[in-house]
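Colleague: Following this message is one structure expressed as structure tokens.
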Ligand SMILES: NC(=O)C1=CN([C@@H]2O[C@H](COP(=O)(O)OP(=O)(O)OC[C@H]3O[C@@H](n4cnc5c(N)ncnc54)[C@H](OP(=O)(O)O)[C@@H]3O)[C@@H](O)[C@H]2O)[C@@H](O)CC1
Ligand SMILES: [K+]
């Protein structure tokens, strides 16, 4: 698990480390600089090449000055380019600047070389507070135009460290070494594209600095797969979760097929698909393992199930609405609502209110909207939802007392009283029709095996992304289809 922090959280952890624990600020800066210097040396072919260090006037610039000194010690030919008004320099910057006087580095007003082995960006870090303009914007453009391997310290200058937005313009780095904890802006788009490869350096700011207030966002790495429910040795198909899937209107059988396959591939013991009669033959052929039923068997099927997933390819017909009413009013089973079930919820406030009441009373509910569905549910524009995915996801989760998997280039899992989990697995080759149906099937299967709703949503998103990465590895970004995802699932 990896924490993802905001600038203000990072400042709090910095301060706690310095003031409460007692590690001097200059020690932290020295460790940050050492990590960056070692990375630079490892990337440059031997010592002795030219290195440019672009420094601002804050502590990010201070880091840069310290890196310049350490690289000069390692026989690099270092040019230091300070941008900004010296009168505004931070105390640590001034200290580093005065130490640097004693080292053989060259100060420049404008870099001119065409053969830098490395270019280090230390203009702004987490202290960037507004759009970059004038001399700073010119510096960023010039820096970007120079040839050579580029390393950003902490955050590429110009990237908002909380959101990943470009504040006017930003440095395009090959690598970013971030200090202490990974900043949120390094995983969100477009920040992650500007950051290049990100590594997190331990500079002495640890979990000890939380003092009871840990970061509010995290991401799973490989360990998510370890959180899958243990398979009991003496279990049978009835003990591994009976998933009732209400999906697939006429001509939309594919959504039901993908979700059913994904549920089976995630360990569900049995999957029953309630779908329109016209889909029967194709479903039987495509997923012979699935049980089939029609909407008029809903009540009996609900009694049989451990979990209900409703929505993929469902449409918004009167029959679809009646199915949704049936699983809301007629059951308290864990429920996953996706696709058209979400669109119907957006249009029927009475259903939404009932679901909210059930969520407050403890029903496990997961909603899996993409930004378009989220816009319908929150009454905001699609672009506003995309910009504010985090606050929209949290607001919906609180309103419905549910877990919300807010799907976009970076999917967020939001739940009442939970920290936000960001899914970092996946590939843009997965942005293809049916991918969401696969996620619904995976998540429902995990819910059906007794997982907590938030963990089911978080682990489900991770597994889905991993399957996508493997499918893209095999088929390529263009060639990957949703059906390839279920084929690649192996747990
Ligand atoms: N605490 C520690 O000991 C440690 C800190 N560490 C390092 O410190 C970094 C944070 O340092 P920081 O807080 O000084 O902020 P930083 O990113 O240098 O920027 C502030 C400067 O930028 C300026 N400025 C802002 N926006 C601007 C704009 N658009 N256009 C123009 N100017 C703008 C702002 O000026 P002002 O707003 O006052 O006019 C101020 O001068 C952090 O990322 C990490 O690298 C590590 O060494 C670990 C230990
Ligand atoms: K930087």
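Keep in mind that glycine also has a Cβ here, set from the backbone N, Cα and C atoms.
Annotations in TrEMBL come from automatic prediction, not curation.
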Colleague: From the candidates 429, 434, 436, give the one listed by TrEMBL for the same AMP site as 407, 408, 409, 410, 411.
Modeller: 436
Colleague: From 90, 98, 145, 157, grab the residue that TrEMBL records in the same K(+) site as 60, 121.
Modeller: 157
Colleague: Need one number for the AMP-binding residues 407, 408, 409, 410, 411, 436: the maximum pairwise CA distance in Å, whole number please.
Modeller: 14
Colleague: Between the binding-site residues 62, 436, where is the Cβ count within 10 Å the lowest?
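Modeller: Across 62, 436, these binding-site residues, the one with fewest Cβ atoms within 10 Å is 436.
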Colleague: Of 60, 129, 411, the binding-site residues given in the record, which has the fewest other CB atoms within 10 A of its CB?
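Modeller: Checked 60, 129, 411; of these binding-site residues, fewest Cβ neighbours within 10 Å: 129.
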Colleague: Determine the binding-site residues, out of 59, 121, 407, lying near ligand 1 in the sense that the CB is under 6 Å from one of its atoms, and give them in sequence order.
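Modeller: 59, by Cβ distance under 6 Å.
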Colleague: Taking Cα-Cα distance, which of the binding-site residues 126, 313, 407, 408, 409 are within 10 Å of residue 157 (K(+) binding site)?
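Modeller: Final answer, ordered: 126.
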